[in-house]
Amino acid sequence: GCKKDRKPCSYHADCCNCCLSGICAPSTNWILPGCSTSSFFKI
């Protein structure tokens, strides 16, 4: 399974949508709109 939004993550598979700066981000994130279907970002 994937971790909840704002939980720490190391890989894309850790999150339901995307991982930014090591944190799971919600697909409704206004900074990365539609991140659930976008490329994986790890900054």
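Quick reminder: no glycine exception, Cβ is built from N, Cα and C everywhere.
All protein chains considered, the CB of Cys16 (disulfide bond) has 14 other CB atoms within 10 Å. As annotated by Swiss-Prot, disulfide bond applies to Cys2-Cys16 (among others), with the evidence given as similarity to another entry.
The disulfide bond annotation in Swiss-Prot covers Cys9-Cys19 (among others) and rests on similarity to another entry. In this view, Cys9 (disulfide bond) is surrounded by 20 other Cβ atoms within 10 Å of its Cβ, with every protein chain counted.
Counting only same-chain residues at least 6 apart in sequence, those with a Cβ under 8 Å from the Cβ of Cys15 (disulfide bond) are Cys2, Lys3, Lys7, Cys9, Cys24, Ala25. Among the features that Swiss-Prot reports, disulfide bond is placed at Cys15-Cys24 (among others), with the record citing similarity to another entry.
DSSP assigns Cys18 (disulfide bond) to a strand segment in the three-state reduction. Swiss-Prot lists Cys18-Cys35 (among others) with the feature disulfide bond.
Around the Cβ of Pro8 (4-hydroxyproline), the same chain contributes Gly22, Ile23, Cys24, each under 8 angstroms and 6 or more positions distant in sequence. Positions annotated as 4-hydroxyproline by Swiss-Prot: Pro8 (among others).
Positions annotated as 4-hydroxyproline by Swiss-Prot: Pro26 (among others). In the three-state DSSP scheme, Pro26 (4-hydroxyproline) is classed as coil.
Per Swiss-Prot, 6'-bromotryptophan is recorded for Trp30, and the stated evidence type is similarity to another entry.
Per Swiss-Prot, the feature D-phenylalanine maps to Phe41; the stated evidence is similarity to another entry.
Of all Cβ atoms in the protein chains displayed, 24 besides its own lie within 10 Å of the Cβ of Cys19 (disulfide bond). Cβ packing within 10 Å was compared across the disulfide-bonded residues Cys2, Cys18, Cys24, and the lowest neighbour count falls to Cys2. Rounded to a whole number, the C-alpha distance linking Cys16 (disulfide bond) with Pro26 (4-hydroxyproline) is 8 angstrom.
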